[in-house]
Amino acid sequence: MKKTQNVIIKGTKDGLTLHLDDICSYDDLKQEVERKLSSSTLFQEEQQLLSVKVKVGNRFLTNEQEEELKDLIRQKRNLIVEDIETNVISRKEAEKRCRETEIVPVAKVIRSGQVLEIAGDLLLIGDVNPGGTVRATGNIFVMGYLRGIAHAGSAGNAEAVIAASVMKPSQLRISNCINRAPDEMPENESRSMECAYISESQQIAVDRLQVLMKKRPNLTRFEGGL
Amino acid sequence: MGEAIVVTSGKGGVGKTTTSANIGTALALQGKRVCLVDTDIGLRNLDVVMGLENRIIYDLVDVIEGRCKIHQALVKDKRFDDHLYLLPAAQTSDKTAVQPEQMRKLVNELKQDYDYIIIDCPAGIEQGYKNAVAGADKAIVVTTPETSAVRDADRIIGLLEKEENVESPKLVINRIRSHMMKNGDMLDIDEITTHLSIDLIGIVLDDDEVIKASNHGEPIVLNPNSKASIAYRNIARRILGESVPLQLLDTESKGVFSKIKKFFGVR
Ligand SMILES: Nc1ncnc2c1ncn2[C@@H]1O[C@H](COP(=O)(O)OP(=O)(O)OP(=O)(O)O)[C@@H](O)[C@H]1O
Ligand SMILES: [Mg+2]
């Protein structure tokens, strides 16, 4: 068997990095990690915990393999895997990430009893009627009346916002925060062009649309320039 | 080949049966051949409102289960020559006695012989509703100017929009009391139509004459002088494709009127 270096250990001031070869077989890699880490004297003197970054280059690891590698490394006394870095992700994962940052336009009235659920940002061209629900993993923009329930950041994104042409919801939710309509809603208030976000006090605040520029500058995705 | 129109609402007691009886009668008065179908199995009413109760021999379930032919079950309304018939609901069975597929077949058969099939739907969104819409080509949603009725209408419209064979539903606002609307104690027409965002096909005032007429088994459209009668006849004319402006409510402000005109393209 030819002797190659499948595992290279590098020390930096932030800790250790394991560079794992991305061409050899996964089993060879595992064996070599095992061997390298046990033989190396580097780790035996140190008492405190050492965090390691693992870089696997262009190798695709399944979740199980990632866990296996982490376990393998963790067994070596004082090592903790901080992160496994790879250049590749599965197509499914890539599509999921695309979807999550996509703006999804929907032209529809969401009526009582209906639930519209999407991954990404929702741009609803229409109303959400009382008893209707819209839910998005990202932000929710309603070009119309929001009179039902809106749940933004539904998978746990507290940065998400809800904006509506007319903001008269029965309930607002952002991530895990819930805010229901006040029992006494002044009839004559127009509540037009408003937004909702989670404020510093961890509560849902409703304000003029324009405050979002300051509160959520990341909403702007336009990269600009030619 | 005729067309089938289901009259539905979600909420009970808002006037589906009254609307079915009156639209059907008005269409017959206009010279169309009409068949009313009562799908409120177990709680039939349409026969009573039409004054045809005593002439029922067979019913919808008898037809579905093959105990008689359709024409044997149809009750002819003698007031309108050969123009108005009723297929009564069964009083003794329940709504599960009929399946949507069977209704579709039956309504299609009726469409061969009649210009309009008016289907009176039971309240609710369960089996009875599913049966009633199964054979329909068009839908009329009835609501009253109350929040709960509008909410249920919204729910029903959402369900109707999922029915591939049913055209976008049209709205009837029934039992309007103009003084309450004027004082803001009732939802106004504009509020209701923007909320439901479907076309308005008619508004009907709350009128004691409607109840009196129903109790006599004579649909109100047969009384030419009542406001509700004119409203129902106008709805029938709109179904026939005429563009008829809405009746003015006594107390209506100009703003509301111009909005109503907009719905019918009247300048
Ligand atoms: N425009 C009106 N003015 C006054 N009374 C009305 C009007 N429309 C309906 N009604 C009355 O309201 C009551 C309920 O009407 P109807 O039976 O037509 O409702 P429905 O929707 O068919 O009820 P269900 O859900 O029980 O089938 C009846 O007593 C009827 O006479
Ligand atoms: Mg009824």
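Glycine is treated like the rest: Cβ placed from N, Cα and C.
Unlike curated entries, TrEMBL annotations are predicted automatically.
It should be emphasised that the depicted structure is a prediction, and the values quoted were computed from it without experimental measurement.
Listed in TrEMBL:
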BINDING   B:Lys11, B:Gly12, B:Gly13, B:Val14, B:Gly15, B:Lys16, B:Thr17, B:Thr18  ATP binding site
DOMAIN    B:3-162  domain 'AAA'
Chain-mates of B:Lys11, B:Gly12, B:Gly13, B:Val14, B:Gly15, B:Lys16, B:Thr17, B:Thr18 with C-beta within 8 Å of site centroid, ATP: B:Ser9, B:Thr19, B:Ala123, B:Val142, B:Asn174
In the chain carrying B:Thr18 (ATP binding site), residues 6 or more apart in sequence that have Cβ under 8 angstroms from it: B:Val49, B:Asn174, B:Val210, B:Ser214, B:Pro219, B:Ile220
Protein Cβ atoms within 10 Å of B:Lys11 (ATP binding site), excluding its own: 20
Filtered binding-site residues, from B:Lys11, B:Gly12, B:Gly13, B:Val14, B:Gly15, B:Thr18, whose Cβ is under 6 Å from an atom of ligand 2: none
DSSP-derived structure type at B:Val14 (ATP binding site), helix or strand or else coil: coil
Of B:Lys11, B:Gly13, B:Gly15, binding-site residues neighbouring ligand 1, Cβ under 6 A: B:Gly13, B:Gly15
Under 8 Å by Cβ from B:Gly15 (ATP binding site), counting only residues of that chain that are 6 or more apart: B:Ser9, B:Val142, B:Thr144, B:Val172, B:Asn174, B:Arg175, B:Val204
Same-chain residues at least 6 apart in sequence whose Cβ lies under 8 Å from B:Gly12 (ATP binding site): B:Ala123, B:Gly124
For the domain 'AAA' (B:3-162), mean pLDDT (0 to 100): 96
Residues that sit under 8 angstroms from B:Thr17 (ATP binding site) by C-beta distance, when 6+ apart in the chain: B:Asp38, B:Asp40, B:Asn45, B:Leu46, B:Val49, B:Asp120
Cβ neighbours of B:Gly13 (ATP binding site) where a neighbour is any other Cβ within 10 Å: 11
